[in-house]
Amino acid sequence: MDVLFSLSKTLKDARDKIVEGTLYSNVSDLIQQFNQMLITMNGNEFQTGGIGNLPIRNWQFDFGLLGTTLLNLDANYVENARTTIEYFVDFVDNVCMDEMVRESQRNGIAPQSDALRKLSGIKFKRINFDNSSEYIENWNLQSRRQRTGFTFHKPNIFPYSASFTLNRSQPQHDNLMGTMWLNAGSELQVAGFDYSCAINAPANTQQFEHIVQLRRVLTTATITLLPDAERFSFPRVINSADGATTWYFNPVVLRPNNVEIEFLLNGQIINTYQARFGTIIARNFDTIRLSFQLLRPPNMTPAVAALFPNAQPFEHHATVGLTLRIDSAVCESVLADANETMLANVTAVRQEYAIPVGPVFPPGMNWTDLITNYSPSREDNLQRVFTVASIRSMLIK
């Protein structure tokens, strides 16, 4: 993997910097590095593809070295270099695609394609010029079963989940009380509602709670907490739990009371915040517990009192909610996030070449399925293919 990264980095630099008119002295170190790559690769043969519709391709390396010059690089020099660069870029692209579409239930962190296995040989270590990528650093750590750490922006840690629970219901669904939520990506929104606006509740207060268990531990997380759940602020028709009918939800939004958020790790509370909104932090957690209350307003203008009558029918439904967004966090496992396109790159290649479903990843690389059942085998394979996708992205956009 280090060799593949160094190949890609060298080729990217060569493609960007070996251009007509450049002073040789400005790129002499790069050209020496490029020539070392050629010396190491010359005389070797590789084969890629042969899975799904990814075609089999054979690669042979026998390229002349780039020369020296006292002046600027001329058109002939650059053209000769470009021919070599383009062949190598095509080779790296195909090695990456070959690796991205393969998976294994055992030791999925290790190279799976014949080409990358061959590049992992001792003879190619002379190409190892650079090891500065976060993905490469973590791949090396994971392959030695040492602790890794990825920094994510808006990590896709929440599997998609949209549902509701009813704490009070009737066959006619005309006086409901309960909780509804939408979890996806790095955001969760939860709303508590009571058609009667807590008219018969103790102290005219309804208590709500929402607990989310993460599939992976997050550390040093920066989080935004808001006293609102905008996705549940407009009318909608909702299918009943048994699918036999539908019921109407017509929210009128109130501010939640006694909001408390707890971040837990293995059942132990690590951080607690009460009535604190905006930016908060959580040190180390695998579970989030949100609790909040709906308080019937003790004093109401006639217009508000008309919204919340003391008896049925209840045409407007008192609703309180919270929004929690994980803006950034560190995780030992690789995840899809807002800054990276690795999941999209891997999925696109697998779809384009009709790669058959393997023993590890779900069909279509369905992220909700993948993160819900994030097994050690999936973790190893995902880290490997994301690392390869990051290498490929240096050359192929």
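Just so it is clear, glycine is given a Cβ too, placed from its N, Cα and C backbone atoms.
Looking at 62-73, 194-205, 254-265, 350-361, the range annotated in Swiss-Prot as region 'Interaction with the inner capsid protein VP2' turns out to be 62-73.
In this structure, the C-alpha atom of D286 (Ca(2+) binding site) lies 17 angstrom from that of H153 (Zn(2+) binding site). Taking CA atoms as the reference points, H153 (Zn(2+) binding site) and N266 (Ca(2+) binding site) are 24 Å apart.
On the 0 to 100 pLDDT scale, the region 'Interaction with the inner capsid protein VP2' (62-73) averages 91 in this prediction.
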